[in-house]
Amino acid sequence: MLAVTDLTVHLGGRRILDALSMQAQAGAVTVILGPNGSGKTTLLRAATGDLRYAGSVRLGGVEIAGAPLWRLAAVRGVLEQATPVAFAFTVAEVVRFGLGAGLSAGRAEVARLALEEVGLADLAERPFHELSGGQQQRVHLARVRAQVWEPVSPEGPRWLFLDEPVASLDIAHQLAVMEVMRGFARAGGGVVAVMHDLNLSAMVADRIVLLAEGRVVAAGPPEAVIRDAPLSRAYGCPLRANRAPAAGPWILPQGAAAS
Amino acid sequence: MTAPALRLAGDPPASPRARRALHLRWGLVALLLLAAVLSISTGAAGLSLPRVLGDWLSGAGLATRDRVILFDIRLPRLAMGMMVGAALAVSGALMQGLFRNPLADPGVVGVAAGASLGAVSAIVLGGLLPVALTRVLGPQFLVPLAAFLFAWGATMLLYRLARAGGQTSVATLLLAGIALTALAVALTGILINMANDQQLRDLTFWNMGSLAGASWMKLALALPFVAPALVFAPRLAGGLNALALGEAAAAHMGHDVERLKRWSVLAVAAAAGAAVSVAGAIGFIGIVVPHLLRLASGPDHRALLPNAALLGAALLVGADVIARQVVAPAELPIGIVTAILGAPVFLWILMRRRGFGGI
């Protein structure tokens, strides 16, 4: 379980997160939503050990601050919003970095399977920098998946922390990446993703944590969070949640519509 | 790509580029041997390798004059050329990995100028140190030590200046390098003005930037810095590979980035500082060698670092042969030869990178 308690983070003298508490369970996809500047990425970065923080962030019972990097790396993979690659590494080489130093029998195979999972096995030997932005992001997802290939280790569940995993993708690949997230969670791993698209979030999430101004506005299953009042309050604009038969809630923006 | 489904641990790496890098290593060994043979057989004195070998095999033994030329002039020159070439190429590759930029090179960004300042300081100001200290270290050992320390300081400073938000920008890096070089050159100028006649002679000799002053003694002074750096460098390879994805990603994959940076800077300073202290500032080896190798077999530092040592050694020994041949029986400073070979490559990389997305 990811347990965040009274998390406060200051960046450049500004308080970005203010005594925030939230939880995410293994075996589920937890999506963090909120307007720009609400502290979504900061929350993710604190949870992955990138930032100093006050309060507590525990992953599988281990406090993130002060945990050895190799130990964290064995338990969770992190996909950043963008990860530029210096030098002309091939796609396969970039994915293999996720495997760490010990490239042993089954592990080499993992890199290939991870590329297959994101539908890029054909591009394995292409230079990474020749790929489109969306393809590059999928290569990095394969790298992060390779790092924590089995969703459950003998020590416990593993985790994926994803910062806007579908932001630069077309609709087909958005669905494919969301299927990767769901599959990892179904197999017992934990997924925590920062997302922007409310409708995709409602589709993929087991649980949504809605932030505004460094605090949790609402948290719970999509049906509980994707509602008119909390969304309109968090985003500061009128939003109406709708129900589709046999599907989750969906959002129709109420302003700026061409009529 | 039809790789076999499963490989055993210890098998050759799966990627075609990794295999090519291994094959390349044997070619580089052969190239180095060829350069070594050329280096031993060329020189002002008409001593050729066939004659030496002939004398040896016929049991006649070498004449005293030939023995002096071979063992006191040509062999130390060859050994020092190999050491300096390997040190410059590996420190270039390390620095490029650390800065995530193929244009970082000790010669270009001010580290060599810093090392020169250190060496000159040791020559001019060494007498001011407590006698006990110079006696323990030996006055000659002070020169490579000071070059190493100043190179270290320059690299640290450069890293602080050129990095912002976990990334290094090429513009800041090169501009900071220009400023550091200018400062080091100015301070070196002041020291040269302060030097007395004996020190000026030492300085001139050192400042020639060539392998002409090679001796076993110089080799022995520099090797304690260069050898550990060369042996240790490949252990940084995995970390430098991960660092190509940025500091945050490398840390997420379990690499201790701060430790990686500390050791990389130390290795760069030890190798480049010691090389400069015995041979002066020889430019562009550190840029050309890693660049050619990346073109040939990819940027993986596990293959790049050992191959850079071999190609750097071969290239510098080869450049030294050219420097001795072009205006024989006189010789060109080797830095001129490496600059003529290297500066166009540097410009070529610069032009190509304009379409590479920034950094």
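From the backbone N, Cα and C atoms, a Cβ is placed for every residue, glycine too.
Marked as transmembrane segment by TrEMBL: B:26-49 (among others).
Here the transmembrane segment (B:78-95) has long-range neighbours at 32, 36, 39-40, 104-107, 109, 111, 155, 211, 214, 216, 218-219, 222-223, 226, 229-230, 233, 236, 240, 264, 267-268, 271-272, 274-275, 278-279, 282, 285-287, 289-290, 293, 301, 304-305, 308-317, 320, meaning same-chain residues at least 6 beyond its ends whose C-beta is under 8 angstroms from one of its own. The feature transmembrane segment is assigned by TrEMBL to B:78-95 (among others).
Annotation source TrEMBL lists transmembrane segment at B:107-129 (among others). Here the transmembrane segment (B:107-129) has long-range neighbours at 88, 91, 95, 139, 142-151, 153-155, 158, 173-174, 176-181, 184-185, 187-188, 191-192, 194-195, 199, 202-203, 206, 268-269, 272-273, 276-277, 280-287, 346, meaning same-chain residues at least 6 beyond its ends whose C-beta is under 8 angstroms from one of its own.
Taken from TrEMBL, the feature transmembrane segment covers B:141-161 (among others). Sequence-distant contacts of the transmembrane segment (B:141-161) (same chain, six or more residues past either end, CB-CB distance under 8 Å): 95, 98-99, 106, 109-119, 121-123, 126, 129, 134, 168, 172-173, 176-177, 180, 184, 206, 221-222, 225, 261, 265-266, 268-270, 272-274, 276-278.
Through the fold, the transmembrane segment (B:173-195) approaches residues 99, 101, 103-104, 108-110, 113-114, 116-117, 120-121, 123-125, 150, 154, 157-158, 161-162, 203 of its own chain, all at least 6 residues removed from its boundaries and within a Cβ separation under 8 Å. The annotation transmembrane segment is assigned in TrEMBL to B:173-195 (among others).
Feature annotation from TrEMBL assigns transmembrane segment to B:215-233 (among others).
Marked as transmembrane segment by TrEMBL: B:263-292 (among others).
According to TrEMBL, the feature transmembrane segment maps to B:304-323 (among others). Counting same-chain residues at least six beyond the ends of the transmembrane segment (B:304-323), those with a Cβ under 8 angstroms from any Cβ of the stretch are 21, 24-25, 28-29, 31-32, 34-36, 38-39, 42, 77-78, 81-90, 92-94, 210-211, 230, 233-234, 236-237, 282, 285-286, 288-290, 292-294, 297-298, 331-334, 336-338, 341.
The annotation transmembrane segment is assigned in TrEMBL to B:330-351 (among others). Distant neighbours of the transmembrane segment (B:330-351): 102-103, 108, 208-212, 279-285, 287-288, 291-292, 315-316, 319-320, 322-324; these residues of the same chain sit at least 6 beyond its ends, with a Cβ under 8 Å from one of its Cβ atoms.
For the transmembrane segment (B:215-233), the list of distant contacts is 72, 76, 79-80, 83-84, 86-87, 90-91, 93-94, 140-141, 143-144, 148, 263, 266-268, 270-271, 273-275, 277-278, 305, 309: same-chain residues at least six beyond its ends, Cβ to Cβ under 8 Å.
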